Each structure stands twice: as C-alpha cells, then as structure tokens.
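According to TrEMBL, the features are:
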- 32-95: domain 'SLH' (DOMAIN)
- 96-156: domain 'SLH' (DOMAIN)
- 159-223: domain 'SLH' (DOMAIN)
- 245-303: region 'Disordered' (REGION)
- 1-26: signal peptide (SIGNAL)
Amino acid sequence: MKTNRWHIILTLVAAIAVLITHPSQTNPAFPVGEAGFTDVQNHWAQPCIKELADRQIITGYSDNTFRPNNPITRAEFAALVNQAFPRVQPTRRRQNFVDIPTDFWAYDAISLASQKGFLSGYIGSVFNPLVNIPRVQALVAISNGLGFKPQQLSPEQLGDVFIDSATIPDYAKEAIAAATENWLVVNYPNVRQLQPNRPATRADVATFICQAITNFDESALVPAQYIARISVDDQPFAKMPLTTPETQAVTESEPAETPSSPADISLNKPAETSSEPPQKIPDSPPTESQVFQPPAQALPPQEPINKTIEFDNLLAEFDFNPRPSPKFRLKMTRRGEVVLDDNIPEDILNNLISSNLDTIRVLDVRTIDLNGDREPELIVDLQSGGYYSLIYHYRPLAKQYGIIPKSWGIWHYDLTEITDDGLPRFVGYDYRFAREFNLQSQSQVPLTIWEYRAGQFQNVTVNYPEFVTLHLDRIWRDIEQRHRQNQDVRGVIAAYMANQYSLGQGELGWRKVRSLFEDRNISDLLADVTRFLQDTGYIEQ
C-alpha cells in the first residue's frame, strides 16, 4: 500500500507540474521563425539543421535562433518525431497519460507518438512531458518507431563500438544496436562516446532524424567522423543471382521449373542441373571489382553453435562447428519421429555461395510458420560476403524435408508482417543498383516483397502499394536532396522508377521526375535510366 501511495503522489505532482506551466500553450520546439538561423553558423550540425528547416520539420525561434545546444523535452520530442515521420502508422491503442491535460499543447502529438511506437510512458500512466529526454531514449524511440532490429551487432558487442557502453540501460541495448547498424547514432565530439544518459540537445535530435530520413555519403549532411558505425565482412559478393521483378532468382546449378520460385531441393537426391543459365543471370559471376562493396572490417571468428528449437510439433536441433572447416548438422523430429538427421549438403552451399566456405557465418536459426498451414518452416540465415538463407519445409507426400536456397545480395532481408493476416513477408533489396551506381544503403535501392507459399517464393510487390510508397517517399527525398546539391541523381532516379514500375505506375513516376527538372533537357538521363531498367527487367524491352 505504501508503494502504491507514493505512485499516486508522484502522479499528482507530475500532473500539477504540467498545470503550473500550462500558460505556455504554444509549442516551444517549433516557434515561428525564419530558416536562416543566426546561431548555427559553423556549427558541426549546421547542414542537417538547415535541411530539416527547409523541409519544415523544424523551425527556429522568433529571434531567428535555433539554440542547437539547448535540451529538448519529451513533449517537444514527441511533436518532432510526428513531424519527421508522418507516414509511420499507429500500431498501439491510444493511451491516456495522467499528467497530460487534454488542452496541453502537445496532447495530440504525445498521443500519436505513443500510438506509433516512438514513445511510452512510465509506471502509473505518467509521461513526464516537461522532462528533458536523454540521448538513449531519443535513439531508442526512433529505432523502435521505425521498426529497426539488429542483424549483425548484438547488445553484447556494443562495447566494441562505444567506450561507455556499460552506461547503456539494459532495456535500450537491443534498440541501440539496431540504431548503430542503421547509422542513426551521432556522437559529437567523440564518435566512440555515446553519453546515453546525457540530455539530448536540439542538435543531437536533429542529426538523429537526419540520419533516419536521408541517405548519406562522404558529403553527407552529418559529418561522417561523428556517425557511429559498424562494418560488414568484405568477402567478394560473387555468384549471387540477380533477382528480377518477374522471376525469383535461381543459382546456375538449380533447376528452373517455375519462373516464380527457386528450386526445391529434396534431401534424398542430388540437385538437378540446368544446361541453360536462367534468364537475366550473367554467364559468369561478377568479379570482386564489379560488385559494390560496403565499408568493411573483418568479423571475429565464430564460435561453435548448438541450438535446439521447439515449435508446435517440430523439434529442431542445429549444430555448427566452424573449425577446421565448417560443418552443419541438422536433426528434425516431427511429431516424435526423426525425419531428418544429416549434414547440410555441401553441394547446396557451394551452389549458393561461391566464396570460401571457411568464411561462412551463421546469423540465425529459427522456426516460423511462413504460410499459415501450421507446418513450421526452419530458416538458417548465413553470411559469407553476401547474405543467404536455407529454408527447410516439410513435404508430406514424400515425408521428408526439402531445402529452398535463397540469395539476398549484400543486404539481409527484413521479415515483416505487412498486413494483419499474421503471415510474414520477406522484404529484399535489389543490390544491382548499388553495384551499378555505387549506392550505399537499402533505402536508396528498389525493394521487393516476397511471400513463401507451398514451397515457392512469389514476388508480390505489386500487392502492397502502401508499403512500397513509404519506400518511394524516402527515395524521393534523397533525389530532391541530391538535386539541390547538384549531385548525381541517376542511381536514385533509377531506383525510384524501378519501384514505380513494380507497382504499375511508370508513367506517374516519370511525370514526377520531369517536374523536378522543369524546363531542363534530361533526355540523356532518362535514356540511361530506361536502358538500365530494361536490362534489369523492370521495363519490358
């Protein structure tokens, strides 16, 4: 009872604090002012602040200042993330906070930011709107609200990136790992010092948002030396099939029985080979110099893995021993009967991955019902230069498991529930655009959405226009930024038009591109982009 009483008292104090300060009914984070701020000249975050002001995501104060070193409150932050990410959809029910009066200036903004998953309250439905938000909370909010999940960096490895990782709260470590992978974390002046519990300044939050909504290279809005980063293995991305919008990529040694699915390789017979290379796949794999290489650093040797997974009627036991040479063994027990107990066939791995198998790493092993038939599939995610998956699925007539190998390219896929049917979709990224135009991020290349159904992958991008449109909006912002800065726009325009064509909206996309350039002659640019889209299968020749 004593604990509950103190919760009630604290709640009342917080509510009274809001009421006392209530006469300030205008949003202090966004007072009316000019974009030409007088106090950000030569500031390390000036390009980012100017960009956000140009986009009307932030504004300054009436005296034409931005006050970049001032802290930002939780209420101000809520208003800011709504302004920066208007297309993020609510995923939670509306929550009423006891310390937010309905006529408080940020009432709607706080409610919406909470529903979108950016912010949560404290014990007793307290929000603390006037408390300055710490840097760690701001980063966790953006990372969670945008649905980022760590793919390479584990919470235990944060010490390799930040010298003060021990001060990161446990609840925040996974989100900080995801934010770091996605280059959201900006640390000034020491890139290795996160200072998670220091109040975030207006400049801090501006740069976090710049990193989230724009794409960056050496001439980025945020100085590269302040962006916390991790790098991936620099093995050559050879023998990775090229995925077209119409056909699922298959490797040269896989039979192409159906145009929408990779080969389903049974475990009781060797894979058949095709004498003809599949459509759109080159006769020889790209060389290392031909393939886009992201910044890289060698990953530490992987330790042996022993993992047991139970899912409904399936028990999967996975063993991986990387030394002296990688050996994978998988035992699958279905309804008490051992259906599979064998090594992963080396011919499948060799056909999928052309780089030295000694470099292979196991990223994840998991079971999930991919198609709602109550028969779980098992996914083995691998990395060796590029990203790959082996999907084991049960074949009831043969009473055995088949394997579908899948190459994702230089970026890992996202497994996302796009609709409310409870079934996940694979979101992949077309790395050919990165290779051709030296693009650095998934947000700069076309995405493709895949469904796994009945032992096949099907490209269903056209079925999800709202999801693809969010991606198109992000690419378009990058096009506008590059256009303003007189940078090369061919690659991002090609990516933009590829996804427009994947939705059947090619002409609509071209009209928008032409409108950006007004009366300038861009016939050469349009011809180059059109040829590349024809070569990659987005436009029929």
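Including glycine, each Cβ sits where the backbone N, Cα and C put it.
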Report task. Take the domain 'SLH' (96-156) and average the pLDDT across it for me. Result -> 92
Query raised in the report: Would you list the DSSP helix, strand and coil counts for the residues of the domain 'SLH' (96-156)?
Result: 22 helix, 4 strand, 35 coil
Query raised in the report: In the domain 'SLH' (159-223), how many residues does DSSP put in helix, strand and coil?
Result: 29 helix, 3 strand, 33 coil
